[in-house]
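*Asks:* According to Swiss-Prot, the protein carries these features:
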{"type": "BINDING", "residues": "146, 149, 159, 162", "note": "Zn(2+) binding site"}
{"type": "BINDING", "residues": "336", "note": "ATP binding site"}
{"type": "DOMAIN", "residues": "575-677", "note": "domain 'tRNA-binding'"}
{"type": "MOTIF", "residues": "15-25", "note": "motif ''HIGH' region'"}
{"type": "MOTIF", "residues": "333-337", "note": "motif ''KMSKS' region'"}
């Protein structure tokens, strides 16, 4: 029977918007999607959401490296991420971004409530500062020699050689990763979230029994070592949300990132025109269930900071955190040089999504264990389980039903007791899906598949088909096989969405959890078409080789306006205000005798004439074409004596040089002498 319908909100950790989705990411999104699809099959109201984590120094700097704006970069990355997840049939109801108006408003609301409730503290701290880039440096943007083992080229927070942790100020000969400059110490006022105030609440939440044992044990270690106030602010320049009433101060990315769960759900509610559900799911006394699927590397933020922030701002806490381990490939950490650091899009160029969904699912449990993607075992397991056991069960029976009985199944079950064995397994398999013991569910299903194939082997329909007068037996045997295939595919529906679609088309019926209680009797199926193809190691070899080639391509130097000509050191507004930019009319333009680079421009500033030499001859070989145009000039630049005369200012142009120089022009309506403000 269908259970009492629950309201469930499910999230995956937000992928960072500075890189592509890879197979490590896909473990979590597949795990969550399988669980969500099962919940939907059982009749629950599930909202499944995600978003890109789109703020922080790494995004700001990478955008500069690529020569584009952060907004452009995260927009392009969001499209790529959504394409990858759609390719793996991750059934999100909404995919959003933390760089959104919903997230800004919610971040400001939560911060304001925390501040009003006395949980935000201010104090001055000393940090390493890059004097060339004019920015404070996060720990991972400082490198130097480890103070413990003296290994060179180590990050500012921990040594990858000896494992020591330390402050970036302890590094020997520290250097900025951004500019290579030697950082200096500078003071800055920062805002801190008073996490220790929530220690008692968090310990009670830990002891509630809802969290995984491994998570609860780790949290206990943190409680014993003492909780510390959490720095939630960063100084400009920073790509993120500015803190209310604190010019030049921005929310640290890890403050607004989890709020992105709320922002994405708010966006979904607004799209639906639903003004009720947001509060229904997030209010303090909500009876809806909230689950976060996350990796073990971000447990600290989700088990301490996030529930404390919610508690302190009068929102509900998560029902539970579902934490998983990492992905290794062929028994080792994913490697770019070995071609085992595989992007999601690269995988889909060589294999279908269902194959990886099945392999990951078969290995997952409710524990925080790492999952190894052994590529040879992957090929063998997909072929043995999906092709040989499940799909083959349909193909070896469908031919007889289609050819001999016009696709119509028998009106009675050949073996009702065997069918009951299959349907009785729904409770055990359902509980395994519910409790995220996915590997157990797959083992139970494959044991049934073995039983089904044994039945067909023993009944030998290919022999019966040759015996006169046994048409009814043949129809009954093959109908039984197809009904067992239907039950198996129903149990596998959360895992194999594309194969399920093809199976439903063949069976001519939708696969539902409760529907298997009634077998298909006297039912007409459609002509059988191949449901799934075998895979082989040649595809694996091509996949690995393609991943290696992508690494080579990614290592190629980045070019672009900002990459080739980086933004100069930050200036103050007072410095900028000294530059007087004016609209000027080009009254005359001519070549300069003796120069192959310069044009002589006569400019009208609306009552004052200027003579300006400009190095734009390569871009404007016909100077007469410039006469009558409006442009922008620096009007208060000191006159410069040149071999050809005195230049009384500078016209503004963009471009790398040579023929690629583009004179700037104001919009129509601007008049000579107008100041540019």
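Each Cβ is built from the backbone N, Cα and C atoms, and glycine gets one as well.
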*Asks:* By Cβ distance under 8 Å, which residues at least 6 away from the ends of the motif ''KMSKS' region' (333-337) in the same chain are close to it?
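*Replies:* Cβ under 8 Å, 6 or more out: 22-24, 327, 547-548, 551.
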*Asks:* Can you tell me how many other Cβ atoms are located within 10 Å of the Cβ belonging to residue 146 (Zn(2+) binding site)?
*Replies:* 22
*Asks:* Any residues 6+ beyond the ends of the motif ''HIGH' region' (15-25) with a Cβ under 8 Å from its own?
*Replies:* 50, 52-54, 56, 58-59, 62, 73-74, 77-78, 80-81, 84-85, 97, 326-327, 329, 334, 341-345, 347, 356, 373
*Asks:* Name, in the order they occur in the sequence, the residues of the same chain whose CB lies under 8 A from the CB of residue 336 (ATP binding site) and which sit 6 or more residues away.
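*Replies:* Non-local contacts for residue 336 (ATP binding site): 547, 548, 551.
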*Asks:* Highest CB neighbour count within 10 A among the binding-site residues 159, 162?
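*Replies:* Counting Cβ neighbours within 10 Å, the top one is 159.
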*Asks:* Within 10 Å of the Cβ of residue 149 (Zn(2+) binding site), how many other Cβ atoms are there?
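*Replies:* There are 12 such Cβ atoms around residue 149 (Zn(2+) binding site).
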